[in-house]
Amino acid sequence: HTFNPSQSYYYKTKLNLKKEVFGYKTQNLRRAFCLIGFVLTCGVLLLAFIWRPQWWVWASCIPCALQEADTVLLRTTDEFQRYIRKKVICLYLSTLKFPISKNPEELLVLRYIQVQKIRYVWDNLEKRFRKVGSLEDSNTCYDIHHTFGPGLTSEEQEVRRLVCGPNAIEVEIQPIWKLLVKQVLNPFYVFQAFTLTLWLSQGYLEYSVAIIILTIISIALSVYDLRQQSVKLHNLVEDHNKVRVTIVVKGLQELESRLLVPGDILTLPGKVSLPCDAVLIDGSCVVDEGMLTGESTPVTKTPLPHTENTSAWKSHSLEDYRKHVLFCGTEVIQVKPSGQGPVRAVVLQTGYNTAKGDLVRSILYPRPLNFKLYSDAFKFIVFLACLGVVGFFYALGVSFGNTAPMALLLLTVTVPPVLPAALTTGIVYAQKRLKKRKIFCISPQRINMCGQINLVCFDKTGTLTEDGLDLWGTIPTADNCFQEVHSFASGRALPWGPLCAAMASCHSLILLDGTIQGDPLDLKMFEGTAWIMEDHKVNQCKFGMSDSNVVIKPGPKASQSPVEAITILHQFPFSSSLQRMSVVARLAGEDHFHVYMKGAPEMLVQFCRSETVPQNFPQELKKYTMQGFRVIALAHKALKMERFSEVESLTREKVESELTFLGLLVMENRLKKETKPVLKELSEARIRTVMITGDNLQTAITVAKSSEMIPRGNQVILVEANEPEECAPASVTWQLEICIDIGNSSVPDGERGSCYHFAMSGKSYQVIFQHFNSLLPKILVNGTIFARMSPGQKSSLVEEFQKLNYYVGMCGDGANDCGALKMAHAGISLSEQEASVASPFTSKTANIECVPRLIKEGRAALVSSFGVFKYLTMYSMTQFIGTSLLYWQLQLFGNYQYLMQDVAITLMVCLTMSSTHAYPNLAPYRPAGHLLSPPLLLSVFLNVCFTCIVQICAFLYVKQHNFSTNGSAERNWAGNATLNPGSVLSFESTTLWPIVTINCIAVAFIFSKGKPFRKPIYTNYIFSLLLISALGLTIFLQFSDFQDIYRRMEVSGIHCTPGVTPMCHGIIFDAILQNRELWLLIKKQFGFYSKSQYKNWQKKLAEDSTWPPTNRTDYSDDGRNGFYINRGYESSEQIPKEKLELEGQATEQHFWSRL
C-alpha cells in the first residue's frame, strides 16, 4: 500500500514529538467484504485487524484528501512506527442558540479528531487540523489586556465551548469487562487459549488446568492492578471538575469550571484550586505548585505587565513568563488585590491542554520503552513459532491417517504457555525487594532497564549535599572594598546596615496562619537577621494603594536599628533563568522607596555601578566557591519617588539598574555522608557520574572534587560559550582550571581519555547546542559538571546523553528535575511530593544510596529474565526434539510424564528461579542487554545440539536392540498412553523421558548462574530444594521397581539412560561461553568494536592529539545564520523574540474570526 504525500502532514504533541496523518474514506462495499471475512475466518481476521488497526483502514477505506476524510490514520515517526486509527467527528454549528450564518439553510459543520485527549479541528483555510483549547502564544501583552481583559461575550463563549469542548480532565474508570477483553485479546493469550483447548481435547488435563489457573490469576492480577490505577487516577482528577468559579461576562457570573473557555476572565477571591491554566493580569497571588514541581514552597505570581510592543507575551522581556502563569491543579493560598479591583486572570488553556492535563496524559500514554530485551524476545518467540510450524508439517508427513490434532500438538510444544508469567516473576521479586528498601516503583518494566544503566546524573542541592543551608557569614563592602567577615558562628547579631535590610526584605516569604513559609534559602537568610514578620494592612492614603503587604520588624535578638519596620510593597520574583530577584520596600519614617536585590554574584554585579564593586571581587568569590560554599550577592538603590503608583509603573529593567553592591552572603552546603561512598562504588563499577545543578559553576566543581566525582589529579577544563553578536560569530573558549593538581604523571597513556573533565554552565550548553552542535558529543563524552541549568536544559541534556547510546539514570529531589526524571531511562525521585508520580522510582530515604541498590536489583532482574528465557527455550527445544522422535513411531510422552516435566519442574523453576537475591557488590561491567548476543545464542544453540545428539543416539540405540514387546507399536497409535490408557508401554518414551527430564533440571541449574550479578544458587533455598527433589524423584523413578508407579508414569522397567551427560556438558559449555575475558579476546582478535556512539567517540578522541583543547577560543562559521530553536527547552528564555514573532503570524483573533 502506498501513501500520497500530498494527503498527509505532520503535527507535534508533547508526548510524541511527531505524528504523520493520512486521510481515508470508508467504502461500504469494502466494509461488507471485511465483515464476510470475519465470519469465514471465525474471527481470526477481526483479531488481526484489532492488533493492526492500519490493516482495517487499508481494507475498508480508500485514500483521499484530508478535507474529505471520515477516517484518519496516524503514524508515529519514532523508531516504533505505531499506527492509530481515528474517526473524524462532525460538529454542527446550527445547534447554537444564536444564528452563525446569514443564510439559515446553510449547514455549517466543523470536523475534528481527538488524539490522546487533545482535540484538533480542521481549518479549511490552512488545510490542516489545528489544536484547540488554548490561546495562541502569538498574542501580545496588549492583546491579553485589551482584547481579553473586558471578558468574552456570551456568543463567543458558546462558540468556544462547542469547538474546544468542556474544561474537564476526565479519566474514565475502565469497566472490568473492557479490561478483561483487552487482556484476553493479547496475541500471546490467544495462542495460549488455542494451545490449552488442543491439549484439553487430547486429554492432557492436569497441566492444562495448572496453566489455566496460573493464567487466570495472572490476568486477574493485571486487571485488578489496571482497575486500581484507573480508580486512583480518576480520584486524583475528579475534584478538578467540580470547582465553582466566577467569570466576567457583563458583570460577574458564577458557573461550573467545566464551562470555562480560553479567553474567559477568571476572578480569584481567595484560596482555590485552579481548574485551568491562566495568566494573571490584575493583582498578585501566592501559589503552592507542589503538584507540578515537587517543592511545596509558596511561589509568588505577578501580573503580566502593560506593554505595547508587538512581541509575543511570553517573550516581552527576559523575565520568565511562568511568574505570570497560574497552572492548573496548583493551589492559590493567598491573593493580593491591586487598587483597581479583584485579582483577575485570563484563561489560557483548558482541559487536557493544561499543565495538570499534560501530567495526566503522560501517565495515560507513557512513552514506549525502547529496550532490546523485549524486541529480541518477540523475535525469538516468532522463531520458535516458525519452528513449531515446521514440526506441524513434519508430523503430517510421518503420519498417513487423520492426525491433524496430533500435528497441532507439536506446533504448540515450541512456544511455552508459561512464558509471560515467567518473564515477569524476576521483576516482581525485584520490586518486592526494592519496596523493603523503601524504593517504590510505578513502572515495573523499567527495573530491567536499570540493569543496563552506565551513566547516572545527579542534582546537587538536596541530593549530593544536605538539603538545608547553614549560614556561615557575611562579607559587607564599604568604600569599594570588602570589610571584615561577620561570622554567624560567633553568636553575635548581624549589625544594622543596608546589607541587613536587604537580607530582611529581599525574599518571597509569606506569613500563613502565623507560620513563615517559603524557599528554604530565603528562610535561612531571614532567620540570620533575627527580624520578625507580620501582616499589615497598608494605609491607602499613605502609600497610594490598598493591599495586604508583608511588614518586617526587628526581633528581640536583633541588633539595634534606627528603623522600626520595613514594608515590602512589590516583588520581582526569583527566576532560575534570571538568577536574581528584587523587591521594592519602604522603611518606616522615610518618604521614599528602596530597591533591594539578591542573586548569583556573577549575574548581580552586571546590574551594579562598577565603582561600587570591589576590584578583587572575582578573587574573593572564587576563594569561597572553591571551598564549596554557596555564595549570594546583595545590592541596593534608593528610588527618589514619593507615590507608589509611580513605582508600580516602572519595568523590572529600570528598577534593576544602577545599583550599589552591598556584599556577599556565604552559606555552607555540606555533603551528605552517603554521597562519597556511593560515588566511589559507582566509579569502581565503571558507571559514569555527572552533576546537573542550578548552582554556581565553581561551587559545583568544588563539590565534585570533594565527593571525588572528579578524582584527585584529573584536569578540569572550563567551557564558556557566547552568543553571536553583531560583529562577531558565536564563540567557545576552553580554559584549563589552574587551581588543581594536574601533575599526576602516573596515569597511563591508555587512560588519557578519562583524565580530564569538562565543566560548563547552562548558558554555554545552550550556545553549544545551537551553534556548535558537532562539538556537543565530544564534550558530553567527558562532560561531568553542568551548572546553572534550567529544568528544560536538564531534560535536553539527558536526551543528548541517550542519543550517544548511554543508558541514563537521573536522581534528583524533584524540585526542578521532573522533566529530566521523566526523560531518563530510570528516574529516581528523592521527593515524596505528588510530582514523584512522574518519576518511575521514588525513594523514601532521601539520599543516593538508592541508586546502586536499584542498579543491583535491575541487573539481577535482567539476568533472571535472560536465564528464564534461555531455560524455557531449552525446555521447549528439548521437548520438541523428544516429541518429534516419538512421532516417528506415532507415539507421545504419557500424561504423567508431561506433568512431571511441565508442572513439577518447569512451572516451579520459572516461579522460583528469579527469587535469587542481587549480588551485594556491583561488577565493573554490565550484563548482556541483548537476547540475540553471541554468548547467549551459542549457549542455547550448543546445548540444543548436544541434547539433540544424545536423544537421537538413545532413540537409535533402543531401535537397534528392539526392546519392544509388541511389534505393532511401531506404526500405530496403541503405544501412546495418551490416546489409550490400556496400551502397551513404549520403550522409546521410557528412554527419552528421563533424558528430557534430567536435561530440564540440568539447564535450570546451568542458567541460574550467581556471581557477579546474583548471589550463589545455594542461597535460593526453595529453588535449590526443588532441583534436588526433582533430580532425586527422577532417579528414584528410574531405578525403583514398583510396577504401579511404572504403570502410572507409563514407563517400562528397562533402563538405558545417559542422564548425567547433559549436565556435565552443559556446565562445560556455559563456563566457556560465559567467560567474559574469552569474548573480549575474540573481539580484539577479529576487530569487533562496540556500536555504541559514546564508545566510538571515546576511541576517536583518544587517537586525536589535538583533543582536548585548552586555553584557546573557537568561533562558529554560522554567525549570521537563522535562529535555531531547541524544542527540548521548556521556557521561553531560550527562544529568540524574533523567532516567536515569525511563528505567531496566524493570530488567535484571525482563527476565531474565520471560524
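Keep in mind that glycine also has a Cβ here, set from the backbone N, Cα and C atoms.
Caution: TrEMBL annotation is automatic and unverified by curators.
Taken from TrEMBL, the feature domain 'P5B-type ATPase N-terminal' covers 20-123.
The feature transmembrane segment is assigned by TrEMBL to 32-51 (among others).
Feature annotation from TrEMBL assigns domain 'Cation-transporting P-type ATPase N-terminal' to 147-194.
Sequence annotations record features per position, and here TrEMBL assigns transmembrane segment to 207-226 (among others). Nonlocal intrachain contacts for the transmembrane segment (207-226), taken as residues 6+ away from its ends with a CB within less than 8 angstroms of a stretch CB, comprise 174, 176, 179-180, 183-184, 189, 192, 196, 199-200, 417-418, 420-421, 898-899, 902-903, 907.
As annotated by TrEMBL, domain 'P-type ATPase A' applies to 248-363.
Sequence-distant contacts of the transmembrane segment (377-396), counting only residues of its own chain at least 6 positions beyond either end whose CB sits under 8 Å from a CB of the stretch, comprise 188, 191, 403-404, 406-415, 419, 423, 869, 873, 876, 880, 884, 887, 931-932. Summarising the annotation, TrEMBL assigns transmembrane segment to 377-396 (among others).
For 408-430 (among others), the entry in TrEMBL reads transmembrane segment.
If one looks beyond the transmembrane segment (868-890) by at least 6 residues along the same chain, the residues whose Cβ comes under 8 Å of a Cβ in the stretch are 377, 380, 384, 387-388, 391, 394-395, 398-399, 406, 409-410, 413-416, 418-419, 422-423, 425-426, 901, 906, 909-910, 913-914, 931, 936, 939-940, 943-944, 947-948, 951-952, 955, 969-973, 975-976, 986, 988-989, 992-993, 995-996, 999-1000, 1003-1004, 1007. The transmembrane segment annotation in TrEMBL covers 868-890 (among others).
Taken from TrEMBL, the feature transmembrane segment covers 896-915 (among others).
Look at TrEMBL and you will find 936-958 (among others) tagged as transmembrane segment.
Look at TrEMBL and you will find 991-1008 (among others) tagged as transmembrane segment.
Here TrEMBL flags 1020-1039 (among others) as transmembrane segment.
In terms of DSSP secondary structure, the domain 'P-type ATPase A' (248-363) contains 26 helix, 44 strand, 46 coil. Counting residues of the domain 'P5B-type ATPase N-terminal' (20-123) by DSSP class, helix then strand then coil, yields 35 helix, 38 strand, 31 coil.
The residues of the domain 'Cation-transporting P-type ATPase N-terminal' (147-194), classed with DSSP into helix (H, G, I), strand (E, B) and coil, number 29 helix, 0 strand, 19 coil.
Non-local neighbours of the transmembrane segment (408-430) in the same chain are 188-189, 191-192, 194-196, 198-199, 202, 211, 214-215, 218, 377, 381, 384-385, 387-389, 391-392, 394-395, 444-445, 447-448, 857-858, 860-862, 864-865, 868-869, 872, 875-877, 879-880, 883-884, 887, 892, 906-907, 910-911, 913-915, 918; each lies 6+ residues outside the stretch with a CB under 8 Å from one of its CB atoms.
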